[in-house]
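Beneath this line is the structure, given in structure tokens, with notes to follow.
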Amino acid sequence: MRIREQTILALLSPGLPPVTGQHVLDLSEPGWTVSSKALNRTVPGRLPSQVHLDLFEAGVIATMGSMILTFAGLRMPTGRTPATLLLGCELTDHESTWLVFDGLDTFTTITFCDQIIGSTYNQFRQYHFDVSQVLKECKQEGPVLSINFGSAPNIANAIANGPSAEEWPAGVQITNEYPNRWYIRKEQSDFGWDWGPAFAPAGPWKPAYIVQNKNPDRLYVLNTDLDIYRRGQINHLPPDQSQSWVVNASIDVLGSVPQWPSMSVEIKDAYSGVVLSSGLLENVTVSGNSVTGVTVVDGRTPKLWWPNGMGDQSLYNVTIAVHNHRNQVVAEVMKRTGFRTIFLNQRNITEEQLAQGVAPGANWHFEINGREFYAKGSNIIPPDAFWPRVTPSRMERLFDAVTAGNQNMLRVWASGAYLHDFIYDLADEKGILLWSEFQFSDALYPVDDAFLENVAAEVVYNVRRVNHHPSLALWAGGNEIESLMLPMVRRADHKGYAKYVGEYEKLYISLILPLVYENTRSITYSPSSTTEGYLHVNLSAPVPMTERYSNTTPGSYYGDTDYYNYDTSVSFNYHKYPVGRFANEFGFHSMPSLQTWQQAVDPKDLYFNSSVVVLRNHHYTAGGLFTDNYQNSSRGMGEMTMGVESYYPIPSKSDPVANFSAWCHATQLFQADMYKAQIQFYRRGSGMPERQLGSLYWQLEDTWQAPTWAGIEYDGRWKMLHYVARDIYEPIIVSPFWNYTTGDLEVYVTSDLWEPAQGTVNLTWVDLSGKSIAGNAGTPESIPFSVGALNATDVYSANVADLSPPDLTDSILILSLAGEGYLPNARTRSEFRHENQFTPVFPKDLALRDPKLELAYNPDTRTFTVEATAGVSLYTWLDYPAGVVGYFEQNGFVLLPGMKKEIGFVVQEGSVDEDWMRSVTVTSLWDQKVRE
């Protein structure tokens, strides 16, 4: 970062200027070259970048779209050597010079002026090196900086084969493609995962700087930990909302911290500029290169920050300055933040809750500013296989889709990478809570001293770096370590199980937990993404948190759930879904659209079982460096096929590309319906004994063009899933629950409002021509409802056998809700509408009719009008051509004959003209079965 040359000296001594004489050179300037001995090539390079990107830019790699698993030549060590950097003769005149690297991926040897100045071995750490003396003795006319990157797969293998490498029972560690990822601190999915490629890139993936201070009193800010919490707040206990706000600021600096420093702060509304508070920080301390101070915001009430759908995202700019004994500013930094408390409640169910009908056990839900809320969202993976391609504009489009989809929380999955600050900034602005995790996933990890020391530095840096963001919701130790890896090692080595539990606790509880709590009081920590919670916490104990593990009681509920079932015969059997307090992962994979496949695959390969398409399906992963493991990939293709054939019309079009497109769409229908069934089930749990308060499906978006669990494709196009999730994440919904074995049908209204809501549910039976069924098939036409705050209520139940539709294959029940209530923090009542549907047979068995859809575009309103003229249109689907990123305001809906629906299209990137508008199409389930 560049030091901001702004001061707040008026707080102390108006006449004194800041200490000057600092020069920061951003190394993102042109002039770098990349050389690879393995490829015997030298090409222009960039910083930030990764070697694959530079080789692609130079034409060494013909097309990024054709990359399947890896390039043999790029498995070799690669080097990065810049052109000579003429930094100017003033460099030698400065008192001190440092090299600062915000992120190097991963193993490097760094040379400056022909001298080795250091090495790095952790992708997630910030590194800095004092090169003052090296520069003064430099004999080069223009100092040359060279960074040599080693091959992460080769180094991981070398560590694994070393004499002191820890070993685990056979069959426990999960190799996706490259082995031994658990030995190194690099993005774990770079070695392959079931939703992405294994490129194992190398390069300077974040910015780098040369920092020079001419004045020895000047400091450079490396990192800032800004912690805002209620007085008396402790991480794992609910904060007292009546207490004053505490602002604790800690700055990590380069340079010599002056004796007796003071600190000042100014807090301004980020939008109006109105000053909330300003003055000196108290209890200023110096520890190593960190300066820390604290203040209490007494007598002032900042505007609170709320997640999407719960209120405003009020933000404040906090300027923190360090002063020397002459009251001169020697370091200054500004961070944008918000005032909120976020708390993961894992405490035991209280007597009051038991009296309300909540089942015994322990809570597992989030509370924002003291209020329980329903977490609606998904899991976010790395948006690209190469982080330098992830830009602010790209992430803004993605997060706009998140908020448009009625989501308020994303789980930042481990093991990708810790998110950039600009991504947290966007989440702050848009009200998206980010459940964040340390980068450990689906593996057991070493616990030797060197590994733990490396991890400790990684944890401290990243906790401090992102702590000021109000969107930060949680720190979790890793992905599925407790729920997947410990059971696996227990089965593999029952006698040695205690050893591995001890190692788990050593890393995630004895090491990471205290480091988190030492650097923040505002965020809760959980050792694993999926857990039964804890029994008790004693921060002075060697193992400060005692996990519950399997110490559970029948009839009680604990923790969160993680659920995948690829047996498609039970996909819609909600008795198979887990009953818990919170669902953090669940899902099924589907194909991307034809338009997305065309970005990456040659036209000749556009059919369902082509080798290119099959091998892009990494469910199931190759299990090693086998680029042609058709057997594993075909299993995933078979699961999607079974999902379609079990429930939907089987596409059989004469045109092969059209048939491929129809099959891709069919897999999306199955995926969307399966997620809808589960989300409805979990949301209904808010009013059940389990008191279920969270649904985060797997996964939000894609990292490349391939069959995955994503709801948003690689370029931003929405699958059917994201439209359906948007609908079923509305504040108040009506949902049918059908036990297709017994025939029992139940209808529930679910609300995530914080106050009771009232309204009416209309039930209308029609046949597939759109005609009303006599007597409404024995169902009442209208039912009033009243649903409690953050709750669910049943409004109707019957057995389908007791109803009177004349032909189950020619019947559909339309459920329409109209209600009123107050949105969270709203002062006026709002109207809510929701529509759902139920068919007493699966879609493949319906007596479908051609709805004869008509589509018109109005250039004045820039909207599309869809009309069904001859029958009920199921899964009405508007599709748009390539060249634009955007989404329709509604999609995947039911349309009765004679009804018109006006729908807008939101353009996120690109532009549209009348030719493009005329290329928009509309289809329905009928078109899936029609042979063209």
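Keep in mind that glycine also has a Cβ here, set from the backbone N, Cα and C atoms.
In Swiss-Prot, the annotation N-linked glycosylation site falls on N538, out of N538, N551. Ranked by CA distance from N609 (N-linked glycosylation site), the recorded positions N248, N317, E480 have E480 at the top as the closest.
With respect to N283 (N-linked glycosylation site), the closest of these glycosylation sites in Cα terms is N538, chosen from N538, N762, N791.
Spatially, by CA atoms, the recorded positions N317, N348, E480, N739 include one closest to N632 (N-linked glycosylation site), and that is E480. N248 (N-linked glycosylation site): 20 other CB atoms within 10 A of its CB, across all protein chains. Comparing C-alpha positions, N348 (N-linked glycosylation site) sits nearest to N538 among the glycosylation sites N40, N538, N659, N791.
For the pair N791 (N-linked glycosylation site) and N248 (N-linked glycosylation site), the C-alpha distance works out to 37 angstrom.
Taking the Cα atom of each, N538 (N-linked glycosylation site) and N739 (N-linked glycosylation site) are about 46 angstrom apart.
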